[in-house]
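So the structure is just underneath, and the comments pick up after that.
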Amino acid sequence: MESGNERISSQSQGTIHLSKEPTFLIQQATLPSDLHSTLLQETQCGGLTKNIKANTQKRRPGTVILSKRSSRIMSETQPRPPVIPSRRPGFRICYICGREFGSQSLAIHEPQCLEKWRTENSKLPKHLRRPEPSKPQPIGGTDSHSLQAANEEAFQSAQAQLLPCENCGRTFLPDRLLVHQRSCKPKGENPGPPSMGSSNVPTGLKKASSGIPARPRTLICYICGREFGTLSLPIHEPKCLEKWKIENDQLPRELRRPQPQKPQPLPAGQSSQEGASQAALVPCPNCGRTFAVDRLPVHQRSCKSQPSGPKTSNSNIERKGGPNPPTNSKQQRNMEAPNGDKVTGVI
């Protein structure tokens with residue numbers, strides 16, 4: 001009996017112990033189930049992600065197949081890119097230079113561009129000058145078609161200002177054509193007939209057939225033969241003539257020259273200015289070479305003359321290797337001494 005009571009008491013104590021900590025036991029009892037549920041959720045999520053990855057991997061080749069469709073199908077399904085217009089909408093073209101400007105900027109630009117065009121056109125040779133471009137008449141309406149028509153007319157007006165190169169045929173603006181022709185050489189010997197008659201132009205005014213001035217236009221002074229600009233020559237000639245008179249008066253009478261006359265342009269195309277400058281040259285009385293009046297005295301200092309007059313024959317003999325007078329005093333004494341003295345001297 002006692003042993004049975006002890007067993008009952010031990011069982012009751014165990015139940016009391018269990019009743020004292022019900023939460024701990026409940027947690028111990030519930031932990032395995034929670035872990036199981038969480039593990040199930042994780043495995044389910046992992047399976048879903050694997051399925052999603054597998055599905056995406058399976059779907060990717062489909063996109064590649066879609067990109068390899070024919071161009072016809074692609075053009076039907078995909079949207080077409082927008083068409084960019086050739087010119088910016090709302091901009092107007094200058095009828096002089098062909099550049100684009102806004103509607104408000106064009107009204108400010110056109111007077112300045114026309115003034116610049118007139119200045120550059122006046123600097124060109126006469127055969128390259130162009131008539132002043134006329135502004136096209138405005139077309140009624142404000143739609144895009146009327147603006148495009150006005151721009152097309154202005155563009156054609158600007159293109160009409162271009163000039164073709166005589167050598168290569170390319171077109172340029174008149175002021176740029178001169179720059180181009182400096183490096184564009186003609187292919188043949190005679191690229192084309194010159195527009196300006198070179199026969200009526202003196203050597204100082206001769207230019208290339210293309211009208212490119214390699215240097216500023218010059219004229220030759222009929223007194224001294226030097227070249228001067230077209231504006232500088234009228235200032236130089238009176239001073240040069242006054243200087244010539246002073247220098248001519250200082251010369252001896254036999255060397256004085258008549259006053260040079262200003263030549264008139266010759267119709268045959270001869271260089272009258274060069275002839276006048278050559279006529280103003282004075283020949284040297286010793287050697288016959290011609291010099292300017294002020295340079296002749298400088299030349300005569302080295303080209304000495306004898307008092308009897310010009311001795312051209314002796315000078316010619318000397319040039320040909322004729323007998324020259326002995327310059328050494330010892331040689332001169334030997335030549336003056338008799339032959340017998342020379343023999344006795346040698347013996």
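Using N, Cα and C of the backbone, Cβ positions are placed for all residues, glycine too.
Here the structure is a predicted model, which means the values were calculated and not measured.
Look at Swiss-Prot and you will find 90-119 (among others) tagged as zinc finger. Taken together, the residues of the zinc finger (90-119) have an average pLDDT of 85.
Here Swiss-Prot flags C94, C97, H109, C113 as Zn(2+) 1 binding site. Counting every protein chain shown, 17 other Cβ atoms lie within 10 Å of the Cβ of H109 (Zn(2+) 1 binding site). For the recorded site, H109 (Zn(2+) 1 binding site), the DSSP three-state label reads helix.
If you look up Swiss-Prot, you'll see 161-190 (among others) marked as zinc finger.
Marked as Zn(2+) 2 binding site by Swiss-Prot on the basis of sequence analysis: C165, C168, H180, C184. Annotation note: H180 (Zn(2+) 2 binding site) sits in a helical segment as assigned by DSSP.
Taken from Swiss-Prot, the feature zinc finger covers 217-246 (among others).
The Zn(2+) 3 binding site feature in Swiss-Prot is assigned to C221, C224, H236, C240; the stated evidence is sequence analysis. Cβ neighbours within 10 Å of C240 (Zn(2+) 3 binding site), excluding its own Cβ and spanning all shown chains: 18. Look at C240 (Zn(2+) 3 binding site): DSSP puts it in a helix.
Sequence annotations record features per position, and here Swiss-Prot assigns zinc finger to 280-309 (among others) based on sequence analysis.
What Swiss-Prot records for 303-316 is compositional bias 'Polar residues'.
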Around the Zn(2+) 1 site (C94, C97, H109, C113), what further same-chain residues have their C-beta within 8 angstroms of the site's C-beta centre? Y95, I96, G98, R99, F101, L106, E110, Q112, L114
Residues with Cβ closer than 8 Å to the Cβ of H236 (Zn(2+) 3 binding site), same chain and 6+ apart in sequence? C221, F228
Kindly report the helix/strand/coil residue split of the zinc finger (217-246) according to DSSP, in that order. 14 helix, 6 strand, 10 coil
Cβ contacts within 10 Å for C94 (Zn(2+) 1 binding site), all chains included, total 21
Would you identify which of the binding-site residues C165, C168, C184, C224 has the most other C-beta atoms lying within 10 angstroms of its C-beta? C224
